[in-house]
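The following features are taken from TrEMBL:
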{"type": "DOMAIN", "residues": "6-128", "note": "domain 'N-acetyltransferase'"}
{"type": "BINDING", "residues": "66, 67, 68, 72, 73, 74, 75, 76, 77, 78, 79", "note": "CoA binding site"}
Ligand code: ACO
Ligand code: MG
């Protein structure tokens, strides 16, 4: 089965188990999912391998809490997740990623740079 990027709108029992592994910081049942607060995830064989939060304010979107499960890193999952969520939101022209909670800033910085974002105070901003 192929890797797909999905916007989560409600959580299955399996999603809850997977999100607990991706985000031990969060209790899945308390996550807000509405038009302004979105969660996108990478799914393979009906399991979530990565997730990111997106907060939408008009044409501006702020991303946070991007995490790919450790065993799946460096296989293009993070890149695909970011590309597809940007493609899913053509009305957004200002993309930021905040650095809150980032484990290893140098890894995240390399990833964000490879994804066309530039470092700024508090995170990264997508370049045109
Ligand atoms: N070192 C150098 N460059 C890297 C690295 C790395 N470790 N990882 C990615 N890159 C760059 C490379 O250019 C890579 O392209 P290449 O493999 O062809 O060289 C490009 O980014 C794309 O890499 P992907 O394979 O798509 O990246 P991956 O799927 O591994 O995801 C990510 C990258 C998201 C940074 C992942 O390592 C991760 O989740 N790290 C933890 C992030 C974190 O701290 N999250 C917590 C936030 S707070 C919270 O969630 C509550
Ligand atoms: Mg990967």
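Glycine is no exception: its Cβ is also placed from the backbone N, Cα and C atoms.
Where TrEMBL records a feature, it is marked here on the structure.
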residue : record           : Cβ contacts under 8 Å, 6 or more apart
66      : CoA binding site : 50, 51, 52, 78, 81, 82, 97, 108
68      : CoA binding site : 42, 49, 50, 77, 78, 81
73      : CoA binding site : none
75      : CoA binding site : none
79      : CoA binding site : 111, 114, 115
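Between the farthest pair of Cα atoms in the CoA binding residues (66, 67, 68, 72, 73, 74, 75, 76, 77, 78, 79), the distance is 15 Å. Mapped onto three states, the DSSP output places residue 77 (CoA binding site) in helix. Per-class residue totals from DSSP over the domain 'N-acetyltransferase' (6-128), listed helix then strand then coil: 37 helix, 44 strand, 42 coil.
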